[in-house]
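> Below you'll find the structure I mean.
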Amino acid sequence: MTKFYAKYLTLFIGLGAYNTFLPVYLEKTLGFSSSQVGMIVSIPSIIGIVFVPIWGLISDLLKKQKSVLWINILMSLLFTVLYIITDSFIPVLVVTTFLEMFRNSILPLTDSITTSFCKENNKNYGSIRVIGSMSFAISSFLCGQLIKATNSNIMFLYVFIVSMIGCLLIAPILDTTNKVEHKEKLNLKEDLPKLFRNKSYILILVCGVCVASLTEAMMSYQGIHLMSLGAGAELVGLLTVFMVIPELFFMVKSKDLVEKYGMVKMIGFASCALLIRWTVYALTSNPWLFMIATSMHGIAISIMIICAFDFIGKVVDKKLYTTSMTVYTFTIGVSYSLMKLLYGTMIDLFGINSIFIFSIGVSLFSFIVLKWISNLDIVKSKMSEAA
């Protein structure tokens, strides 16, 4: 378990620095316009998301999860080094695109190895993932202090490079089970269509969109709305703290809560939390009440991650496990990217309250999806066992 703790600590230190300070570096150091920055942070990201299930499929075909993960880490490291010596728009866009083709897949591939190991050894994935959440927040803060002390925005890239070097050293020694790296050979023609005919899997994808994608998409606009309520930049900075604190608790406790109350009830609880959040967003003009409602983010995200990963492991053929995990990540990534575009259009046409009302509708729809899931045979059998 120590190796997994070290992996998530090391990886999220890099992600915290990279995700937080890339736009600042592009604008303040390289002098790109807002539209150029927008292209660099969006287009390569979308391409990178497309490659996530491709790397998952390659991993299942080769039955070499750690090797595929290691290659993605190595290529991310090499393109980050290239990033440091690249300073004009087109080359930066190209380098970022290649970087995202590998960087975006590191976490899903790591999650696949970790959740499979935890499932077979009865370990708590949430207690490992929470290390990542903590290190992400701490890394963002400390990297900001490092940039301030050195007066150099490029320092975040050096932090990311050190993170990738650490991941390169840890990835080969991660514990994997026989079922992960020595599973039955995947028949692409026969087995892949089964995944998309798997009703249980499709329903958890839809549920993930209604919970995870919805709350991730809102992150792009909640800070803007908070400032329109009269909050200063310091309160906007505190939003991350309000989101992360509940996540720390529920990441650790979700496994026990799912075993006690069942997956359907826990995802229902997450949907209720989001429903409260959107309702408060739509009705309040108090910045502090808005921030308290934002804490529902950590509750919903942590519960959805634990429930989805656990459920996928139960309903998907082990030959397709990594593929199914990366397709889930791909679905969440694409859907929240589309939601962000939709939200921007809705705000321009109808005002920001329209996206809160839309979110209420999506959260209500999630209860219908949960009803369908509760009627699945595998869920009914678990309920009868619990009874």
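From the backbone N, Cα and C atoms, a Cβ is placed for every residue, glycine too.
Keep in mind that this is a model prediction, so the values were computed, not measured.
Quick paste of what TrEMBL says about this protein:
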DOMAIN    6-358  domain 'Major facilitator superfamily associated'
TRANSMEM  6-25  transmembrane segment
TRANSMEM  37-58  transmembrane segment
TRANSMEM  70-99  transmembrane segment
TRANSMEM  128-147  transmembrane segment
TRANSMEM  153-174  transmembrane segment
TRANSMEM  195-214  transmembrane segment
TRANSMEM  226-250  transmembrane segment
TRANSMEM  262-282  transmembrane segment
TRANSMEM  288-313  transmembrane segment
TRANSMEM  325-343  transmembrane segment
TRANSMEM  349-373  transmembrane segment
> Between 6-25, 195-214, 262-282, 325-343, who has the most Cβ pairs under 8 Å to the transmembrane segment (153-174)?
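Stretch with the highest Cβ contact count: 6-25.
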> Residue list, the transmembrane segment (195-214) vs rest of chain: Cβ under 8 Å, 6 or more residues beyond ends.
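Distant Cβ neighbours of the transmembrane segment (195-214) are 267, 270-271, 274, 300-301, 304-305, 308, 311-312, 315-317, 320, 323-324, 327-328, 331-332, 335-336, 339, 359, 362-363, 365-366, 369-370, 372-373, 376, 378.
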> Would you say the transmembrane segment (262-282) and the transmembrane segment (128-147) are touching, if the rule is that at least three C-beta pairs must lie under 8 angstroms and be 6 or more residues apart?
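Stretch pair does not touch.
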> With CB pairs under 8 Å as the measure, which of the listed stretches 6-25, 262-282, 349-373 comes out on top against the transmembrane segment (37-58)?
6-25
